[in-house]
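Asks: Take this structure, written in structure tokens, and hold onto it; I'll ask about it next.
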Amino acid sequence: MAASVARAGCSEAAVAAALADVPELARLLEVDPYLKPFAADFQRRYKRFNETLNNIGENEGGIDKFSRGYESFGVHRCADGGLYCKEWAPGAEGVFLTGDFNDWNPFSYPYKKLDYGKWELYIPPKQTKSLLVPHGSKLKVVIRSKSGEILYRISPWAKYVTREGDNVNYDWIHWDPEHPYKFKHSRPKKPRSLRIYESHVGISSYEGKIASYKHFTCNVLPRIKDLGYNCIQMMAIMEHAYYASFGYQITSFFAASSRYGTPEELKELVDTAHSMGITVLLDVVHSHASKNSEDGLNMFDGTDSCYFHSGPRGNHDLWDSRLFAYSSWEVLRFLLSNIRWWLEEYGFDGFRFDGVTSMLYHHHGMGQAFSGDYHEYFGLQVDEDALIYLMLANYLVHTLYPDSITVAEDVSGMPALCSPISQGGVGFDYRLAMAIPDKWIQLLKEFKDEDWNMGNIVYTLTNRRYLEKCIAYAESHDQALVGDKTLAFWLMDAEMYTNMSVLTPFTPVIDRGIQLHKMIRLITHALGGEGYLNFMGNEFGHPEWLDFPRKGNNESYHYARRQFHLTDDDLLRYKFLNNFDRDMNKLEERCGWLSAPQAHVSEKHEGNKIIAFERAGLLFIFNFHPSKSYTDYRVGTTLPGKYPFCCCFTFKIVLDTDAAEYGGHQRLDHNTEFFSQPFKHNERPCSLLV
């Protein structure tokens, strides 16, 4: 009751004040008038963003300088051959540098204490002019805590860490190669339509081992290019001690994972992708951090705070991880510098921000259903410190590289998340349409084919905020993990092991599975958003699940791999799904439906199980009926005359799921021409018989 009274009190004067402070708020309220009662919230957020940006300008010389923390913090070789070191450890009583270079004497090189919890050290060069700390040597920061405890730590700014042999913890390796990788290719232009291939380097081989950056560059990038994807989203790149965390328990934020190779090999991967015209996004994890202290950020200075909130607020109970204190000046420096590091050092073209829902709310999304009531997105439950950080991060990314792309993983539906900062929004380019894969899994698990609701499918695929772009996907890595099933496995299950040979007749299960696999992907691609995402291997119905080596499976790599060779075998039906995915992407490249206005759905017939819609000059027709085909079926359209159309039930001109090359039954004559007539049907001025 109190909340509703407060909102009702958002006077015209308050709205006018908000419009005066937020340059383009009027546009946001024009698009969505229901946000008007929350104008003061947008005003407050925008003012806090501006105040923080101005404070950075006054105290640090601007966000450009502020976001270059990696140039001074950590360990750096000076022009004179000496070494400059800097750390932020506000809870420390003393800080020292040790390593191979001084025979691991823990106290011979003490840091000097500066203001605001910072410490610095300069070690003059050797008289012999040889490197004081050679490339590849091991280092540690030694912390003397206020209780007198001596702690050996890896610098939060370490650029390379690795684990040797059977060691439990990672070692910090000084990375300063004599001949660092030089980029040869420029960044590709921002794609008109975004088609993302979600990728994990370690599982990219069919062999039961961790694959390398080199393997991915030589073997997987050409496949991605051939499939028609113009963007890859790289998972599990930021260093994580626990492989089975899928890269979501970060221990070293500035280090590229060493389990796949060296930093220079990752740079070569990105550069090679750029040479193919492929945009490369990093799956960045700034929502939380690993609890590891020996080789992570946790307890770096001997306290439970430093980079994190102290006490219960600093712990994520579900993820068993630490939560950043986004209001801290040095935490902002650390995270914004981390964003810039991956853009400039490795050439990434943007980010998919993980765990945005957890960041946006003090409840972290736990136990929340998110009904869509706007009161859920405003008020005391919102963590505005984190929200302001996300605004700053988006501002930095798009200021440095205007063609960069940012994607938010948010399940809550926060309004204006993908609206410009000038409108009071958070500034992301896209958000993930996370309800779509849940809908497909629900249909396959809980409903018979004849009970699928066409209207509900269309609603799920089109239920998105106007002018806030979405990345649609039928399934991602989440559905591939052990404990869940991919769409292919829900559809075909055990028969994938026995009936995928072209030498054996279609069984009803395999026939249904292959046809629905294509239809689900196409309707998601064409109707579900302004971008499309696929997790590696799922495009061809990769058999089995994904399970990383762990104690529960005897540290096996058997399920931590991708069997791309299955698509190369002409005797297996996986090639049909692979061919369809490729041609679907290439048709989108030609016609551009992802960058076109949202589709107009003219039919969602429950009895006939037909869905028809128009987008980008194409007519899409889907027949989801499990047993009926139709002839002379009238479909509405806006275009008169000959009509090049894409359908998905039995016949098409530009794409046909029933074509032989896609494992179909070849029931359609592709030479047929269909003519629309000025005959109104389903509220469309014209129609045609198909």
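Just so you know, glycine gets a Cβ as well, placed from its N, Cα and C.
Automatic prediction, not curation, is the source of TrEMBL annotations.
Found this in TrEMBL, in case it helps:
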type     : residues : note
DOMAIN   : 200-565  : domain 'Glycosyl hydrolase family 13 catalytic'
ACT_SITE : ASP354   : active site, nucleophile
ACT_SITE : GLU409   : active site, proton donor
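Looking at the shown structure, can you explain where the listed features end up?
Replies: Of all Cβ atoms in the shown protein chains, 22 besides its own fall within 10 Å of the Cβ of ASP354 (active site, nucleophile).
Residue density at GLU409 (active site, proton donor): 19 other Cβ atoms are found within 10 A of its Cβ, drawing on all protein chains shown.
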Asks: Rounded to the nearest angstrom, how far is the Cα of GLU409 (active site, proton donor) from the Cα of ASP354 (active site, nucleophile)?
Replies: 5
